[in-house]
């Protein structure tokens, strides 16, 4: 272990997918399309929300923040992966790896908080409609958004710095298409029990966000059931449908991949599942909020 600690790691090697060259070209084409759709789609949402007065509401303010984070999300991971696939140059520097890890964690945690804020916004809009604009003021929304970004940035920075102090001397080959937490921990030659404990504590705190979202929707459903008008019930539920879809897309793959027991067979499956929450979900969010939302469609027209 002493010899290991004296070794200075300068680079890692990513191993995206074990397949033929023809399949790699097809994968590259597919991911390039996903990346372009994700960036362009989210940028369109940002431009529409910022430039259209009728979209200057709390719900679309948080949607604009979500789209901004998603642009960073895909840009931190997919360009490097595309470069590895097309050039077969798999090296990523030590600093580059942990910068990628930082932005991946920052975006994931920030998405978590923003989705929670959006759930609270829907809760207030449906359960306390008369007090909505008194509670969800511009000042409250701005402070909430800044808090989400600040807490995520600081928390992620501390964990990333802690991860970068681990030793990596037995192998520098990351069995993934980006620098994710679990593959790096599996690669480390240090005692990772304390790191895993910190990660578990973070996961517990982050799970409170999901619990808050579920509680909000239980209250929303109770309120909707009590409505006498079927038209009012439909309008209330339709205003939540886009957010519910996004929550399911975001939390579903994440929960599955982090609760699944580690095994050799699951490592390749884990790569495929990771694609969902780092590429597919950011690409689908603009479509979910545009195709199912008359206000966004009207602004686009």
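Along the chain as shown, residues are numbered 1 onward.
Cβ coordinates come from backbone N, Cα and C, glycine included.
Among the ranges 3-21, 60-78, the one that TrEMBL lists as transmembrane segment is 60-78. TrEMBL lists transmembrane segment for one of the ranges 168-190, 237-259, namely 237-259. Only pairs six or more apart in sequence are counted, and the transmembrane segment (98-120) with the transmembrane segment (25-48) gives fewer than three Cβ pairs under 8 Å, not enough to call it a contact. Ranking 25-48, 60-78, 204-225, 237-259, 271-291 by CB pairs under 8 A with the transmembrane segment (140-163) puts 60-78 at the top. Predicted-model confidence for the domain 'G-protein coupled receptors family 1 profile' (41-289) is 86, expressed as mean pLDDT.
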